[in-house]
Amino acid sequence: MKILVLGATGSIGKQAIDVICQLKYQLVGFSYYQNHNEANNILKQLNPNYVLCHSDPKYNKNVKSDLIELIDKSKPKVIINAINGYHGIEASLIALSKKKDLLLANKESLVIAGSQLEAIRKDTKTTIYPIDSEHSALYDLLKDKKKNQIKQLMITASGAGYFNKDISELRKLTYNDLLNHPNWKMGAEISINSATFVNKVYEIVEAYHLFKIKDIIPVVERSSTIHAGVIYQDNSIHFHATTNDMRWAIQSALTKFDNRTNVVQSLDLYQKTIQFEKIDFEQYPIFKIAYDILKNPYTTRGAVLTCINEHVVKLFQKQKINFLQITELISNFYWNYQHKKIDNIWQINDLIFKIKAAISSKYAYLDK
């Protein structure tokens, strides 16, 4: 199978390259931003014919300009979008518009433009396969089920080691404290988003757009052994468990969840202690934003959330605010912003620019 990887030098991108090698698929091309050393490693390992460097065209290979040219020339069967941040939205849009099945790791695509991308997906008769432990687990659980059998979806959160800790302790957390997630190997930003539960807010919104079910509950399962669950109308519950290895999600998306291919170790249940803990939305009010976004599709709400989160996480990294202020500032800006309707997906970049400008203006005093 011919595969194009967008964002190939990031954490998910590198794991995708590893899975492609193990499955003996063909990497026809990739894009990246500025990690030239990692890009050279991929070129030496798999020698794809087409490379697009977003930061400097002199590193391109057989491509002059943009993603459209990269897709047209490389002619992939599927596209993996592992681009980080809202820049990945355009990549998802182009992939679906080109009638390519999309293997999606970019969260912002669905959080900001889920309704719009779903419309394009239907029009082009393509499929979006998630690359994420929770959504991949749900996809696997739901693939042979009918919607009228489903009562509720459950996604789990680890709590990143800080769930229900004393406020005094949370206030003292530093950027370096949060970099080492207890269960997963992740980048810096997603490690922080895991600790604040913002990542779980994103995942609730993503789950709705992927499965068209609004009744979604988050629960804490500290070991990250159980990734998701489905509660059926007969009140039975099916849980999904795998090792804490994102390559399972990548392998599953590439094989369309056939459950026959194996590139990760089996789960040793005897070494795990599994316990579910309820999340109090009054103690963690950030979750209320997720359900507000679900009630108001085709609006700027998802964009506002991702933009303000990106901004305050950077403030935290620069030690301008403490850990607890991250979600305080997010909630304050989100609930006071005059949200707008998104009529056209091509408006999104302009709307994001305006949102980011409003955020920078409001919180400039914190960045001095």
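Placed from the backbone N, Cα and C atoms, the Cβ positions cover glycine too.
Binding of Mn(2+) is attributed by Swiss-Prot to Asp132, Glu134, and within the candidate set Glu38, Glu69, Glu203, Glu221 the record adds Glu203 to that site.
Shown in sequence order, Pro130, Ser133, His135, Ser136, Leu138, Ile155, Tyr202, Glu206, Ala207, His227, Ala228 are the same-chain residues outside Asp132, Glu134, Glu203 whose Cβ sits within 8 Å of the Cβ centre of the Mn(2+) site. A sphere of 10 angstroms centred on the C-beta of Asn106 (NADPH binding site) encloses 26 other C-beta atoms. Cβ neighbour count for Asn35 (NADPH binding site): 17 (other Cβ atoms within 10 Å of its Cβ, all protein chains included).
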